[in-house]
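What follows is a short report on a single structure.
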Amino acid sequence: MSNGGGGGGASSSTHLLDLLEEPIPGVGTYDDFHTIDWVREKCKDRERHRKINSKKKESAWEFTKSLYDAWSGWLVVTLTGLPIFFLAETALSLSLSHAAADWLNDLKEGVCLSAMWFNHEQCCWDSNETTFAERDKCPQWKTWAELILGQGPGSYIMNYFMFTFWALSFAFLAVSLVKVFAPYACGSGIPEIKTILSGFIIRGYLGKWTLMIKTITLVLAVASGLSLGKEGPLVHVACCCGNIFSYLFPKYSKNEAKKREVLSAASAAGVSVAFGAPIGGVLFSLEEVSYYFPLKTLWRSFFAALVAAFVLRSINPFGNSRLVLFYVEYHTPWYLFELFPFILLGVFGGLWGAFFIRANIAWCRRRKSTRFGKYPVLEVITVAAITAIVAFPNPYTRQNTSELIKELFTDCGPLESSQLCQYRSQMNGSQAYPAGSDAAATPGVYSAMWQLSLALIFKIIMTIFTFGLKVPSGLFIPSMAIGAIAGRIVGIAVEQLAYYHHDWFLFREWCEVGADCITPGLYAMVGAAACLGGVTRMTVSLVVIVFELTGGLEYIVPLMAAVMTSKWVGDAFGREGIYEAHIRLNGYPFLDAKEEFTHTTLAREVMRPRRNDLPLAVLTQDDMTLAELQNIISQTSCNGFPVIVSKESQRLVGFALRRDITIAIENARRKQEGIMLNSRVYFTQHAPTLPADSPRPLKLRSILDMSPFTVTDHTPMEIVVDIFRKLGLRQCLVTHNGRLLGIITKKDILRHMAQMANQDPESIMFN
């Protein structure tokens, strides 16, 4: 048979069939900004698993390969939690970022002469010239004014100037590194992680450059004093680690669905390390981040969180020999009458969450639609300058936000020198010292409350404008700070009310004269949980994170009451949290499992083509030429094409993806001769009967999905939406009596849901 001879002969058909039934490189992969086919990925994994099991009894080598395959999942989540390969490890990056952020934050105020790399606290550890009350004052630590001007006049102005200068320097360096080297390193990362775990492809978002730049700029952004935190972005850092390590194992690198199981476990490790909350990390991944979370992923997430927490405990980044960030030790129980202020804090958290989401989304939308968004460096510098200038005069806004939360959580006792703990002694009314609860507050406490009130207003305003800047910016710590400030103010108010009116009905039964009754730090902790819940709408995972974060297991009921109240109040103004709101703002194709579809539309009302649209682009199974196929591909932008028996019957055969068709054509032209523009293309098992002088046909059956999901035109959209959510479909074909009518894609469903909610359906930007 000649190379260019007829393709109808039996020998030719057999040769071509054997050649093209081999796996085609590139088929089954996905383009950037496309959604994966969960069903196909799971089928590929089951087929791979069957092949390994069928071969493992053939030899010791095949048995070893099967063991390696079975344990590769545990190995990759272990690597995600262990300190390997410089900054690519989650726990080590947190430890470095925590220490570096503390040092850079203190660098804005002064420098340690004995060791430049020591922060303020470390500098004064070995000093013998300080008292306990003035443990932060030592000769080794010098403010910038003392170094430059000495003790003369103008010290305050010089310190003010240096504080602002360093803040602007850190912010400028952070935004410049992000803009030049890794644009994906900005923001929290959690909205994109949620979208990626739902099956969306964003190339480079979890790459090594993003990991490296985000780890560095996160430290700089926190040190600049901007109203942001580093805990949320560490989930992004952890997922970058999981993604990079998954490429070491073909089981995960070649299967997008399996890779997302690793990323779910990695997000749990990220929260475990960020807060020292391994159980909360697992629940966070399950409740807030993951889209597909089988039981095996639960176990691996638990194991990854365990490994990360163990490494964190070994490193001891917080310097207190404890796993948690804000360890508290309260000595009094909570009483039933305190549920009322706890619920009030929950109401405040829900109102703050609803207000913040609307205000932040409105500002981010304005940034995207105006010229202001074209100058990200200028915006970051402006916000950093306003933050530094306003923050410096107030000690509660000047200090590191994590340290502020820690101070607000801490219960007053004899060892506390905070201004919030200046109560009059029970024995000597003129003497003021940290006497604990149920003592009369001095003017210092009331002054601190005024400063906290101003700090609350400042934090509320600046957090709205900061979240969404082109620097790494987490929302956990700022939200907790706002709640902790409000909670501490309420706690002190209730405490003084109980002191001066202990004979009231509410206090008479529980609050005896001279006995501790109210714990203001507990109110700060409850307020922090309420505000974070109002912003994110987390419930179970948030309660577990907070009690792991503080060690306050005894106070889980107040936390639950405040968080649930916060969610109910927030949901009254809108059911979506801040991450879902940013997903919708960016137009990502994300079907939220928490959102209910209650409309009574049918599949035929949503499918394409609509009335007055062009006919649906389809392929026939055996009567198209290669030129006709390429013409259809070039003239349409569809990501896939239904394959039918013929134009007359419209009977459905299967579905072929655009990318797979293109790759298969290029592969066939490269590997075999005789493929011409007038070659017949067929998707059937056997080649059609062709004239003897016809060019060699091209068989594409191997790339055809023979079992595409179909629904009838009368199927309620409520069922269609559930199918898309639970099976992770990219598209679904609509038929009537077996005849193809149209197609529904994930993007069509999102557009329809936006239209039903009176929103712009064109806001769904990606495929």
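Cβ atoms here come from the backbone N, Cα and C positions, even for glycine.
What TrEMBL lists as transmembrane segment is 71-88 (among others).
Annotation source TrEMBL lists transmembrane segment at 160-185 (among others).
Under the heading transmembrane segment, TrEMBL lists 205-226 (among others).
Taken from TrEMBL, the feature transmembrane segment covers 233-250 (among others). Remote same-chain residues near the transmembrane segment (233-250) are listed as 72, 75-77, 79-80, 88-90, 93-94, 97, 187-190, 192-193, 196, 206-208, 210-211, 214-215, 218, 259, 262-263, 265-267, 269-271, 273-274, 289, 308, 472-474 (criterion: CB distance under 8 Å, separation of at least six residues from the stretch ends).
Here the transmembrane segment (262-286) has long-range neighbours at 73, 76-77, 80-81, 90-91, 94, 193, 196-197, 206, 230-232, 234-239, 241-243, 245-246, 252, 292-293, 297-298, 300-309, 311-312, 318, 322-325, 476, 538, 540-542, 544-546, 548-549, meaning same-chain residues at least 6 beyond its ends whose C-beta is under 8 angstroms from one of its own. If you look up TrEMBL, you'll see 262-286 (among others) marked as transmembrane segment.
The transmembrane segment feature in TrEMBL is assigned to 335-357 (among others).
Listed as Cβ neighbours of the transmembrane segment (377-396) (distance under 8 Å, sequence separation of 6 or more from its ends, same chain) are residues 159-160, 163-164, 167-168, 170-172, 174-176, 179, 224-227, 367, 404, 448, 451-452, 454-455, 458, 462, 465-466, 469-471, 485. Feature annotation from TrEMBL assigns transmembrane segment to 377-396 (among others).
The annotation transmembrane segment is assigned in TrEMBL to 448-469 (among others). Beyond the ends of the transmembrane segment (448-469), by six or more residues, the same chain brings 175, 186-188, 226-228, 352, 356, 359-360, 363-364, 367, 376, 379-380, 383, 386-387, 390-391, 394-397, 404, 418-420, 422, 475, 478-479, 481-482, 485-486, 488-489, 492, 578, 582 to within a C-beta distance below 8 angstroms of the stretch.
Under the heading transmembrane segment, TrEMBL lists 481-502 (among others).
A Cβ distance under 8 Å defines the sequence-distant neighbours of the transmembrane segment (522-547), meaning residues of its chain 6+ beyond its ends; these are 271, 275, 277, 279-281, 283-284, 286-288, 328, 330, 334, 341-342, 345-346, 348-354, 356-357, 405, 408-409, 411, 475-476, 479-488, 490-491, 494, 553, 555-556, 558-560, 562-567, 569-571, 575-579. The feature transmembrane segment is assigned by TrEMBL to 522-547 (among others).
Residues or ranges marked as domain 'CBS' by TrEMBL: 607-673 (among others). In terms of DSSP helix, strand and coil, the domain 'CBS' (607-673) has 24 helix, 17 strand, 26 coil.
Sequence annotations record features per position, and here TrEMBL assigns domain 'CBS' to 704-762 (among others).
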Same-chain residues near the transmembrane segment (160-185), Cβ under 8 Å, at least 6 residues beyond its ends: 104, 107-109, 144-145, 192, 202, 204-205, 207, 209-210, 212-214, 216-217, 220-221, 223-226, 376-377, 380-381, 383-385, 387-389, 392, 398, 469-472
Predicted model, mean pLDDT over the domain 'CBS' (607-673): 88
Residues of the domain 'CBS' (704-762) by DSSP state, where helix covers H, G and I: 24 helix, 18 strand, 17 coil
